[in-house]
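**Student:** Pasting the relevant annotations from TrEMBL:
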DOMAIN    3-304  domain 'Major facilitator superfamily associated'
TRANSMEM  28-51  transmembrane segment
TRANSMEM  63-82  transmembrane segment
TRANSMEM  102-121  transmembrane segment
TRANSMEM  142-162  transmembrane segment
TRANSMEM  174-195  transmembrane segment
TRANSMEM  216-239  transmembrane segment
TRANSMEM  259-278  transmembrane segment
């Protein structure tokens with residue numbers, strides 16, 4: 001299963017973190033990109049619980065697991081061949097009226113639906129295989145982060161090399177790498193023995209019982225808030241890096257995708273990988289609820305520090321614009 005996690009996360013790395021800049025290169029404004037990433041979670045929210053409930057009821061976890069992987073491969077191929085990959089910024093109304101925009105949006109939505117379903121099944125199967133050693137989950141997931149970061153910088157370097165001398169980036173090498181990894185993922189999945197024996201007839205009633213608990217509702221509220229604030233970083237950090245390069249260091253634009261891949265390596269090896277590794281030791285002594293609470297507090301403090309830093313920078317820029325010293 002570690003190989004599956006590695007290949008699955010690695011398969012997304014050549015295009016998923018770059019999706020906002022891919023959309024920008026298609027001529028979509030920041031508003032349109034924000035609209036895309038606002039709409040994408042809606043079908044995921046509806047389809048994921050329905051599909052996972054069906055796998056529990058009809059004991060078809062293996063079939064759905066393999067099918068979702070095949071569909072991810074197919075929809076990624078569709079995304080790769082959509083025409084109109086380069087354009088100056090297009091008027092928002094013209095974008096919304098364009099069939100290519102809707103094809104781009106639907107392709108991303110279908111990849112997201114299948115990916116979220118497969119991710120849920122990944123976690124379920126992983127927990128099932130771990131048995132009483134569920135605290136070791138992080139040591140399985142860290143391989144996904146390793147693959148994600150290493151493949152991101154590799155594909156970024158390939159895109160820069162393939163686009164040398166061109167005005168726009170050609171993401172063909174990234175899509176090819178992604179398709180190869182997804183194909184390997186499908187092959188490995190077909191070799192895994194997946195058993196589903198437990199009786200899940202009370203799942204719906206159990207979920208209803210949980211949703212009326214104050215702690216659960218508070219947790220869900222926190223998740224919504226974190227998702228809201230993190231979306232600005234997840235969706236626009238590479239856009240921001242490209243703007244910085246355009247303004248201050250235009251000489252770096254020829255290898256900007258490599259730089260963005262390097263940023264993902266710093267994120268993964270500086271944060272995700274060590275904490276996934278340490279999670280097994282933390283969860284031995286601190287229960288999950290307290291661990292999540294501590295994580296939320298740290299997250300708030302980090303966001304506060306970042307906010308204060310950005311405010312200080314903006315104040316200095318404002319003073320400079322007015323000629324104050």
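One-based numbering along the chain as shown.
Even glycines carry a Cβ here, placed using N, Cα and C.
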**Student:** Would you mind listing the long-range same-chain contacts of the transmembrane segment (259-278), meaning Cβ under 8 Å and 6+ residues beyond its ends?
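**Tutor:** Same-chain contacts beyond the flanks: 13, 17-18, 21, 138-139, 141-142, 145-146, 148-150, 152-157, 237-238, 241, 245, 252.
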**Student:** Pop the mean pLDDT for the domain 'Major facilitator superfamily associated' (3-304) in here, whole number is fine.
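**Tutor:** It averages 88.
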